[in-house]
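Visitor: So TrEMBL lists the following for this protein:
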- 5-134: domain 'EamA' (DOMAIN)
- 33-50: transmembrane segment (TRANSMEM)
- 62-80: transmembrane segment (TRANSMEM)
- 100-133: transmembrane segment (TRANSMEM)
- 153-283: domain 'EamA' (DOMAIN)
- 154-173: transmembrane segment (TRANSMEM)
- 179-199: transmembrane segment (TRANSMEM)
- 206-227: transmembrane segment (TRANSMEM)
- 239-260: transmembrane segment (TRANSMEM)
- 267-286: transmembrane segment (TRANSMEM)
Amino acid sequence: MYFLVIAICASVAVSLLLKLVRKTKIEIAQIVFWNYIAAALIAYFFLDYNNIDAKSIILKSNLYLFFALGLLLPSVFIFMGKAVQSSGVAKADTANRLSLILGIIASFVLFGQALNYITIGAIILAFIALLMLLNKPKVPLRLDFKSQEQHTAVWLFLVWLGYGVIDIIFKIMAVKNTIALLGGVFVLAAILMFIYLLLTRTKFNFSSLLVGLLLGCLNFTNIYTYIRAHQELHQETAFVFTTMNIGVIILSLVAGIIFFREKLTKINLLGIVISLFAIFALYYGSRLI
């Protein structure tokens, strides 16, 4: 369970760091590039590749995981940026969090988790809580695709699909025990991000390097512990998906109150209570029958 807690904390730390960076003149795309370089180096030393046949792991029917994740990690960053520009942070974040739907479906269709009436009720409660937690004052909760910005719906859909597929790939890596793929995945993501920076003619600066290294440490911690959480709780796939998403939102709300003087609405508070019931039911539901 502690892997899941660490993953939630690291994910929120990543979000807070990016939120602070957006208030500066530091180029976020550069930070993301250096983040992958740092994450690749950490993976190389932390995962002890001297004792791992990484090449055989990649080639042994896991090539699709390697390329899919290496392509998706930098791509969702671009999708999220476009979605924020065209429809705002609230809607882009909602699309991100609603990607939980894909993870829940995969839990039962791909990973064989047992489905019972308590689990179904818990999932319904979880999505009700999710919408309540995403509610913000003076921000419409529903997704309105009628925007003056072209391709708004496309960017939101790609954010939803991209994050959902990434979560599923992490679970597959946990099942196949191919966490050693991470080092190569980060290298591929860095290469693709570097090409993107060249195409956009971005000028590199030292500040981006420093922040990127910090982001890479947090990002590696987030991804590694999230995969380990799936391995530790291998029979509770829906619980891990749901707790990760809702846990990140709740901790982000708390961090917003502490660091940015943000306020919780009554709907947010009710969402927290309902989410705790949903998480409890997801974890203990199958044990109560």
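Heads up, the Cβ atoms here are built off N, Cα and C, so glycines get one too.
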Visitor: Using Cβ atoms only, state whether the transmembrane segment (239-260) and the transmembrane segment (100-133) have three or more pairs under 8 Å that are 6 or more apart in sequence.
Guide: yes
Visitor: In the predicted model, what is the mean pLDDT computed over the domain 'EamA' (5-134)?
Guide: 86
Visitor: Need a quick answer: max count of Cβ pairs under 8 Å to the transmembrane segment (33-50), which of 62-80, 100-133, 154-173, 179-199, 267-286 is it?
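Guide: The stretch with the most contacts is 179-199.
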Visitor: The transmembrane segment (62-80) vs the transmembrane segment (154-173): three or more C-beta pairs under 8 Å (separation of 6 or more)?
Guide: yes
Visitor: Work out, from DSSP, the number of helix, strand and coil residues along the domain 'EamA' (153-283).
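Guide: The counts are 112 helix, 0 strand, 19 coil.
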Visitor: Just to be sure I understand, if DSSP states are collapsed into helix, strand and coil, how many residues of the domain 'EamA' (5-134) fall in each?
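Guide: For the domain 'EamA' (5-134), the helix, strand and coil counts are 107 helix, 0 strand, 23 coil.
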Visitor: Quickly jot the same-chain residues contacting the transmembrane segment (154-173) by Cβ under 8 Å, restricted to those at least six beyond its ends, or write none.
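Guide: Long-range Cβ neighbours of the transmembrane segment (154-173): 65, 68-69, 72-73, 75-76, 79-80, 82-83, 86-87, 91-92, 95-96, 98-103, 106, 110-111, 143, 145, 179, 181, 223, 226-227, 230, 237, 240-241, 244.
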